[in-house]
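**Student:** Take a look at the following structure, please.
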Amino acid sequence: MNYIPTQTFYGRRWRPRPAARPWPLQATPVAPVVPDFQAQQMQQLISAVNALTMRQNAIAPARPPKPKKKKTTKPKPKTQPKKINGKTQQQKKKDKQADKKKKKPGKRERMCMKIENDCIFEVKHEGKVTGYACLVGDKVMKPAHVKGVIDNADLAKLAFKKSSKYDLECAQIPVHMRSDASKYTHEKPEGHYNWHHGAVQYSGGRFTIPTGAGKPGDSGRPIFDNKGRVVAIVLGGANEGSRTALSVVTWNKDMVTRVTPEGSEEWSAPLITAMCVLANATFPCFQPPCVPCCYENNAEATLRMLEDNVDRPGYYDLLQAALTCRNGTRHRRSVSQHFNVYKATRPYIAYCADCGAGHSCHSPVAIEAVRSEATDGMLKIQFSAQIGIDKSDNHDYTKIRYADGHAIENAVRSSLKVATSGDCFVHGTMGHFILAKCPPGEFLQVSIQDTRNAVRACRIQYHHDPQPVGREKFTIRPHYGKEIPCTTYQQTTAETVEEIDMHMPPDTPDRTLLSQQSGNVKITVGGKKVKYNCTCGTGNVGTTNSDMTINTCLIEQCHVSVTDHKKWQFNSPFVPRADEPARKGKVHIPFPLDNITCRVPMAREPTVIHGKREVTLHLHPDHPTLFSYRTLGEDPQYHEEWVTAAVERTIPVPVDGMEYHWGNNDPVRLWSQLTTEGKPHGWPHQIVQYYYGLYPAATVSAVVGMSLLALISIFASCYMLVAARSKCLTPYALTPGAAVPWTLGILCCAPRAHAASVAETMAYLWDQNQALFWLEFAAPVACILIITYCLRNVLCCCKSLSFLSATEPRGHRQSLRTFDSNAERGGVPV
C-alpha cells in the first residue's frame, strides 16, 4: 500500500561507528621520559606544607556558630491596590506570571519540538500557514484537505498521490532528505503519547486531548511515542466536552487505518473569510446578520440576495445559512439537510416532443438531459418533476411532486417508471435526477401516475448501447473474479461540485381567473398573486392577492397572469424566461461520477499448442468474450474478434514478439525461439539443413558460392592435369627410341601402342618373358578389385585408362614406340 512508509535506518541522533581501517596502525615510538629533579623537589615541598596546615586545623578548637539576629519589621499600613480596568495590580501580576508559566513548554512539548524541527514542514497558502507535512519513513505525508504548498523547495515540486479514503497525499522523499525522516510504528499500547501541544491519551482505540490543546491549523502534526517514533498523524478533532477526540491516520500491522470520531472537523487553518454583499454592505457569507437573510421570513428578498451573490466564493455558505436560518449557529447535518435546498425551488411544466401517444405536449415529467459517462452503463436522467420532497417542502422519499397548472401536486414514487426497449431498474433518485440501469434501446421514456391515476409520460429519442465492463459480455456479476477500474455515479445525496442554474419563473397568463358578471369583470385569484392590466378606464393595472371586480369592463379588455417569485425553477431551454434573464441562482446536484473498481469474470485459460514460429489456441468461452492479439515490432498489427463458441485460432509469432489477450485475463506475450532441424556439428547435409532453418537466404548464398568455387576448382584441376600430361608425354613422343618410365606411364595414363594386335603381343611375351605374360592375366583382376574398392568407399578421383584414352581427340593421339638394333623390323611395340 502506498500509504505505508518504509522504515528508514537513518538516525538523526545516532552516529555510526567509523569504518575499520584496512591497514594496521603503526605504534608511534614513545620518547623516553627524562626525570626533572627540580620539579620533584617542589612537589615534595608543597605536600609537606599542606600536611602541616591540616594538622594545625585539627588541633585548634571549633568555635560555636554565631547566633542569628532576628530582623524586626515595622508594620506598614495596608493600602488598597489600584484597580485598572476592573483588575487590581496584584491580580494583573498573577495573570502575567501565569501567562509566563503557560508559555514555557513542558518536557513532552520540548521533546516533540526537537523531533519536529527536522521532520515537519509548514504548508502555506498565500503566505498563511494552513497545516503541516510530515516525513515518515521513506514518504512525505500531507493531509489532502490542507490547501497550499509545502514550504520547502524540494518537497514542493514532488508529485503527490491523493487518497480520499485516508484524506492523505503521499510522495517519495528525496534521497538527500531521508536522514531527516522519523520512524513509524504500529505498536500502540494504551497510555500517553506526545505531540506538539503536550500529552495525548490513547485508550479504546481513540486518541484524546484536553479541549483547547488543539486548534485549526494543527492538521498534519504527528503524534510520537516515548522513543520518538510516529504512531499517528492528526487530521482534525471533535469536541466532546472536557476532552477533544482526535481524527487521525494511524498504522496497524499490515494496513493503514483512519479513525474519525463522530462530529469531527478538519483542522486546516481557515482561509480568508468569503464576504457577501447586501445593499452595498459586506458581511461573512456563512453568517448573514440581516432581516431578509432567512428564506422562511422573506422568500423573495432572500432569493434576490442570493442572485446578487451567485458568483461569489461564499455563495453556497450563504445559501445554506439562508435556508436553515441558523445565523451563525452550527446545525448537525442529516440526510434531510441535503434536500433542504429544494424548498427554494419548484417543479415545472416543459415542452415534450412525444408524450407517449405520438403527439407533443407540455409535460410535468419532461426530460431535460441524459448523461451516460459511467462505464458501468448507468444513466443519469434529469426531468422536470422533483423526487424526495412533497408539495409542503418536507423531505419524503416516497413522494414525487410535479406541477399541475399553477398548483403543485404529489405522486407516489413507486409509480415512477423508466424504460428503453424494456423496463429499467432505478437505483437512486433525488430532486430532478434519476439513476437507472437500462437495456439497450433507441428511445428513453419516463412516466409517473398522477393524483387522478392518469399516466404522465415523456419520451425522447436516445440511442442507448451500454458497453460491457471489461472484455466479456456477462449478465450477472460474479462472486469471484477480477477487480478492474471503472466509473459509476455514486449513489449519495451529499453535495457535489456539480451544479445547475436556476432562475425566477416568468409570469404565467391565465384567462380562467376572469369571469364576466353583468358588465363587470371579476378576478378570482384563488390564493395566488395575480397581475392584472385592463384597458377599460384608468388605473386598472396592478397586483392583487384577493378577489376584485373591475366595473364596466369586458374580459377581452383584461390581461391577467399569475406571478410567483418565491421559488426558483430550473433554467430549462423548453420554458420561457423571466423578465430579467441575467439573474440566476445555482444549486448542487447529486450523484457525482466516481472512480471505483468493478468485479468482472475471467474466461477459462485457453489450451496452448506451440509450433514453429506460431502458436495454436483452443478457446472455450462461457459468454461472448473478446480475443485480440498484436505484434510487438515497429509496425504493430492488431486484430480482435468476439468469440461466442469454442474455436481454434493459430496466430504467427514473429521474432519481435506477439501479445494475445483473452477476455479479462492478463495479456500474454510470446517470442519465437531460434530453433531448427539438423545438427550444427553433424554431417555436411545436416549442417546445411540446420543453418537453412535459421538463416535461409545466407545459407543458400553460401552453398551456391561454395558449389561454384568447387566447380571452378574441378575444371581448373582437370585443365591443369591435361596440360601437365601433354607436357610430360610430348618429349617422349618426339624422341625416337625413347622409353616412358613406368611411374610416368601410370601417372599420365599413357595409352598402349597400336603396332601389334593382342595375339601378337601375347605371343611375343610368351617367347620373351613368360612372367610378364602371366602378369597380363592378373592385371584385369587387379583392375576389378580396385574399381570395387573405389565404388565402395566413393573415393574414386581418376577415370579409367580407357575412358581417358577415348576422351582424348584422335588427332592428338601419339603412339609410343621403342626400337632395338634390328633395322628391318623397325622396332617392337612395348
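Heads up, the Cβ atoms here are built off N, Cα and C, so glycines get one too.
Below, the features straight out of Swiss-Prot:
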- H145: active site, charge relay system (ACT_SITE)
- D167: active site, charge relay system (ACT_SITE)
- S219: active site, charge relay system (ACT_SITE)
- 65-107: compositional bias 'Basic residues' (COMPBIAS)
- N280: N-linked glycosylation site (CARBOHYD)
- N327: N-linked glycosylation site (CARBOHYD)
- N533: N-linked glycosylation site (CARBOHYD)
- N595: N-linked glycosylation site (CARBOHYD)
- C718: S-palmitoyl cysteine (LIPID)
- C728: S-palmitoyl cysteine (LIPID)
- C748: S-palmitoyl cysteine (LIPID)
- C749: S-palmitoyl cysteine (LIPID)
**Student:** For C718 (S-palmitoyl cysteine), identify the closest of the active-site residues H145, D167, S219, judging by Cα separation.
**Tutor:** D167
**Student:** Validating a neighbour-count step here. Other CB atoms within 10 A of the CB of H145 (active site, charge relay system): how many?
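**Tutor:** Taking all protein chains shown, H145 (active site, charge relay system) has 18 Cβ neighbours within 10 Å.
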**Student:** Considering only the active-site residues H145, D167, S219, which residue has the minimal Cα-Cα separation from N533 (N-linked glycosylation site)?
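**Tutor:** For N533 (N-linked glycosylation site), the spatially nearest of the active-site residues is H145.
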**Student:** So if I draw a 10 Å sphere around the Cβ of S219 (active site, charge relay system), how many other Cβ atoms end up inside it?
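**Tutor:** S219 (active site, charge relay system): 27 neighbouring Cβ atoms within 10 Å.
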**Student:** Between the recorded positions H145, S219, C728, which lies closest to N595 (N-linked glycosylation site), Cα to Cα?
**Tutor:** H145
**Student:** What kind of secondary structure is N280 (N-linked glycosylation site) part of, going by DSSP in three states?
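**Tutor:** For N280 (N-linked glycosylation site) - judged by DSSP and reduced to three states - the answer is coil.
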**Student:** So, in DSSP terms, is N533 (N-linked glycosylation site) helix, strand, or coil?
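**Tutor:** Note: N533 (N-linked glycosylation site) is in a strand by DSSP.
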**Student:** Can you tell me which of the recorded positions H145, D167, N280, C728 is spatially closest to S219 (active site, charge relay system)? Compare CA atoms only.
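**Tutor:** So, spelling it out, the nearest of the recorded positions is H145.
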**Student:** I'd like to know which of the recorded positions H145, N280, C728 sit within 10 A of D167 (active site, charge relay system) at the Cα level.
**Tutor:** H145
**Student:** Using DSSP, would you call D167 (active site, charge relay system) helix, strand or coil?
**Tutor:** coil
**Student:** State the Cα to Cα distance, in Å, between N280 (N-linked glycosylation site) and C728 (S-palmitoyl cysteine), rounded to an integer.
**Tutor:** 134
